[in-house]
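Trainee: This is the structure I have questions about; it appears just below.
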Amino acid sequence: MSKEKFERTKPHVNVGTIGHVDHGKTTLTAAITTVLAKTYGGSARAFDQIDNAPEEKARGITINTSHVEYDTPARHYAHVDCPGHADYVKNMITGAAQMDGAILVVAATDGPMPQTREHILLGRQVGVPYIIVFLNKCDMVDDEELLELVEMEVRELLSQYDFPGDDTPVIRGSALKALEGDAEWEAKIIELAEALDSYIPQPERAIDRPFLLPIEDVFSISGRGTVVTGRVERGIVKVGEEVEIVGIIDTIKTTCTGVEMFRKLLDEGRAGENVGVLLRGTKRDDVQRGQVLAKPGSIKPHTKFESEVYILSKDEGGRHTPFFKGYRPQFYFRTIDVTGTIELPEGVEMVMPGDNVNMVVNLIAPIAMDDGLRFAIREGGRTVGAGVVAKVIE
């Protein structure tokens with residue numbers, strides 16, 4: 001059979017497996033690639049190829065992650081699987097592998113376990129928008145009522161964390177049997193793939209979102225005005241459009257009078273491009289690194305937010321000692337460090353290196369932010385943690 005060439009025409013979606021240790025996440029990942037390759041073409045990946053996950057560094061944090069790809073007739077999927085619980089925590093908080101949807105694997109023999117709950121909570125905190133459930137090891141449960149009970153428990157758990165538990169697709173299967181080529185269970189993998197296609201909507205592309213450019217540098221060009229440079233994070237800015245400068249100080253409205261890239265003039269700057277944007281009537285001192293240029297009204301500056309953070313372990317170059325309430329590090333957003341104070345949850349007195357924790361942060365200056373924005377926690381320029389804005393407060 002000839003090798004399929006990679007089709008860029010298919011919509012691309014990022015997914016991953018989450019769930020309790022030993023419930024079969026990696027076996028399921030192998031089963032999906034194997035069954036879909038057999039059914040629709042593509043390449044299968046063996047369990048041990050996936051299980052020996054290579055180490056990656058994201059924001060200085062060591063994460064073991066396996067990446068596999070597979071196709072359905074409708075879409076191309078990139079799928080992440082992590083060997084250890086700590087890897088999941090780090091992956092979800094740093095956004096190293098952004099997920100448009102997740103497959104929650106729950107062993108029917110065990111039902112929901114502590115990490116099942118923790119992964120659902122993390123999914124809610126870091127903004128995983130959709131979860132599909134795969135009830136695994138159903139070949140080992142003879143009692144239909146027991147399966148009903150486990151399914152009900154999982155649905156209730158999802159609802160508890162504001163996922164639509166009643167409407168979530170739940171597929172009952174056996175990853176191992178499917179991997180062994182048992183047709184009855186292979187059909188369940190196809191059912192799962194169909195659920196991925198139908199339940200997870202096509203993600204919005206960065207270019208279709210409202211314009212935003214984190215400002216990295218500001219120059220004054222005599223006779224022309226002020227130029228800000230940076231990489232367009234999302235959307236498009238066209239010459240002649242109104243834009244806002246947001247963050248740190250009061251928001252200012254201005255107009256984009258020119259866009260240039262590599263000293264060439266353009267009529268627009270698009271997501272992913274490094275550009276200089278010329279601003280009409282804006283003084284050099286009105287703009288600074290750390291602010292963002294954005295479509296008017298699309299983003300607001302905030303100082304207080306709830307976040308989910310991972311604190312680097314000593315081995316990762318993090319702190320050697322715990323920190324307590326009253327800790328005042330810098331929070332690095334996009335291009336700037338801002339000092340902030342923290343509030344720990346009720347009953348949490350200290351946070352150890354290697355822990356993940358929910359905390360409320362109060363910044364001394366407002367930063368343009370939305371839920372889902374990633375940040376680093378730094379002490380004197382050294383990264384000691386990573387976090388994500390779970391919910392803007394004020």
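Each residue, glycine too, has its Cβ placed from N, Cα and C.
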Trainee: Which stretch, out of 50-54, 60-64, 255-259, is listed as region 'G2' by Swiss-Prot?
Mentor: 60-64
Trainee: Taking only the binding-site residues G19, C82, H85, C138, which one has a CA atom nearest to the CA atom of T26 (Mg(2+) binding site)?
Mentor: C82
Trainee: Quick check: in three-state DSSP terms, what is D22 (GTP binding site)?
Mentor: coil
Trainee: Residues of the same chain, at least six outside the region 'G1' (19-26), with any C-beta under 8 angstroms of its C-beta?
Mentor: 47, 50-51, 66, 81, 83-85, 104-107, 110, 112-116, 119, 136-137, 175-176
Trainee: Indicate the candidate from K25, H85 with the smallest number of other Cβ atoms within 10 Å of its Cβ, considering only these binding-site residues.
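Mentor: Across K25, H85, these binding-site residues, the one with fewest Cβ atoms within 10 Å is H85.
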